[in-house]
Amino acid sequence: MFIAELGFGFYWILTQAHRWHVLRFYPLKQNLSHTHSCEDKLPGVDVFVCTADPKLEPPCLVINTILSVMSLNYPTEKLSVYLSDDGGSPLTFYALLEASSFSKLWIPFCKKFNVEPRSPDAYFTQHSDLPHSAINNAQEQEWLFIKKQYEDMKKRIEQVSNKGSVPEEIKKQHKGFSEWNSNVTKQNHQPIVQFIIDGRDKNAVDSVGCRLPTLVYISREKRPDSPHHFKAGAMNALIRVSSEISNGAIILNLDCDMYANNADSIKEALCFFMDQTRGHQIAYVQHPQKYNNITKNDLYGNSSPVLNRIELAGVGSFGTALYCGTGCFHRRASLCGSKYSEEFKGSWNSETKKNDQRTIDELEEASKVVASCDYEKGTQWGKEMGLIYGCPVEDIVTGLTIQCRGWKSVYHNPDNIAFVGVAPPTLDIALVQFTRWSDGMFQIFLSKYCPFIYGHNKIKLGGQMGYSVYLLWAPSSLPHLFYAIALPLSLLHGIPLFPEVSSRWFLPFAYVFLSRNIYSVAEALICGSTLKAWWNLQRMWVIRRTTSFFFAFVDCIVRQLGLSQTTFTVTAKVVTEDVSKRYHQEIMDFGSTSIMFTVIATLAMLNLFSLLGALVKMVFWGLEYMDLEKLMSQISICGLLFMVNIPVYEALFFRKDKGSIPASVMFKSIVLASLACLMPLK
């Protein structure tokens, strides 16, 4: 217990760095227009969207993100959009072709009516009826026409996706389909680079005659005998391919489910990069991850308002905002390995889009070379250039290395949310995601990139501490897991762990417990959360720390011993209708035999057995069994754990739907908890 308390105390000290000096930024984009009134002076912007599996990440989801960024309020000749398809799927390529045709209608529609969000699916879902802005019949007809065109396109894409192959008559419409043959598989294919829209072509215009942004499909080469480094490898291939085609000075990277919600998000980000005082110091501007499917009381604690409004902003106040892998604007030079220097001040004109006279075929061939497996051999890619390889959370370690090269980063959380994604709608997906994150972050802490070592004299102490709060998620599971087991067992056997209530030594424990939780509740309510959402988040932290973080700790130690290798899991973005229904009803979903659910159920049963056992002994043995005053603290905490686990008990004993805990998991949990209760402690 003493070691566990030391762990809690050390971790609490680290968390204080989040609250020392919280900063919030307010970009004045109208000043950007005054300072850089000529659009030629604005830097080129390359947008990277990454997808990996058309089954887990449906093509309709992907193209909504693509359409949303193509229609942002930014000069289209300065905007290029790249889709990286690590699944190498002709279904995704077909969906992108459909999206390029629809963009000729969608982009002018968005700019004419100032549509937000810029994802057609999100927009028509939020505005299922004709908006009040349609003040005449012509506008009404246009709105209905665009909606019908989108629904028709969506239907065509879904039909092809469900069929699993692209019809031959469609393949004849674009030369890109010739890249796919019987030898092409997801893990074994040549590099594929195809222009969908050439933004240099003056004839590539939308329905009102305005130029369209460049749109490119990329599927980097993959071979069974060559490591592909997961998302980091895909991002590095995008950096190289885009440098051949557009070479935008600013790079925005998004996950395929993270659509643009704020039409002016690029201009707001440029306010930081083009600030005359400190803009040349900025390597990247990170936006928080926000979601469009959060339930009223945030069942799985995905939205984390305190994390987004206070903690990440607090880390960013030291110039060390975390790079979170999506919703991030990068300075290309910093991402390519350049160290910070004063020479970057006012250097945008030299970094703008290339005036390249090569043909599309020539650009595609040149891009295929840099997207091949052999290109990186013997280079610094994945080491000093691009995203860092060898870590499941390539984004965090890449951000840290950039900051240690002298750059600063900004965390920007605007009132008008810039990008919106999809939160995990099941407990299983949410826990798998946290396992991967905490595993990768602990791996960073144990490597040469440990902030206290690698960042020494390079980033501020507050930044080092802020990083470590997340990098130590995995080992923080050990004291929590110890308490989750020791508290109920000691109560069952009548062993007091805390001072009795009448003792003055009880006051420090009571003060810490009450002050911490009162402060936490107040902080959550101030940040816009509800009391029930705060309670749900406490439940999720208990579950994460005793499952995801613990398994991540074990996996990381095993990997450090050389007994396993790094893996990457793509989380599903779609679920069945009954799962979605339970999620929106805020009913927790336990419908699998995951080992994590076995741990959750076992700890819940252990707590229940201990409370019931203690109650039975009190009734039949009275004070011969225990001195109630000495055990009051344990009874109270075990009572709170019982309340936290109420959804688990419901899933074990009362629910009959598909989201209940399977009988096999219930049986194992009862056996394990019973064995623990029978184990002698004296």
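Counting starts with 1 at the first residue shown.
Glycine is treated like the rest: Cβ placed from N, Cα and C.
Any TrEMBL annotation is an automated prediction that lacks curation.
Taken from TrEMBL, the feature UDP-alpha-D-glucose binding site covers E57, D86. The Cβ of D86 (UDP-alpha-D-glucose binding site) lies under 8 Å from the Cβ of C50, T51, A52, D53, S219, R220, K222, H228, K231, A234, each of which sits 6+ residues away along the same chain.
Marked as active site by TrEMBL: D86 (among others).
According to TrEMBL, the feature Mn(2+) binding site maps to K231, D255. Cβ neighbours within 10 Å of K231 (Mn(2+) binding site), excluding its own Cβ and spanning all shown chains: 23.
Long-range C-beta contacts of D395 (active site), restricted to its own chain and to partners at least six residues apart, with a cutoff below 8 Å, comprise Y323, C324, G325, C328, L387. Residues or ranges marked as active site by TrEMBL: D395 (among others).
Annotated transmembrane segment per TrEMBL: 590-611 (among others), in sequence order.
What TrEMBL lists as transmembrane segment is 631-649 (among others).
In the structure shown, across all protein chains, E57 is the one of the binding-site residues E57, D255 with the greatest number of other Cβ atoms within 10 Å. Counting only same-chain residues 6+ beyond the ends of the transmembrane segment (590-611), those with a CB under 8 A from a CB of the stretch are 427-428, 431, 484-485, 487-489, 491-492, 543, 546-548, 550-551, 579, 635, 638-639, 641-642, 645, 648-649, 651-652, 658-662, 664-666, 668-670, 672-674, 676-677. Geometry remark: E57 (UDP-alpha-D-glucose binding site) versus D255 (Mn(2+) binding site), CA distance 10 Å.
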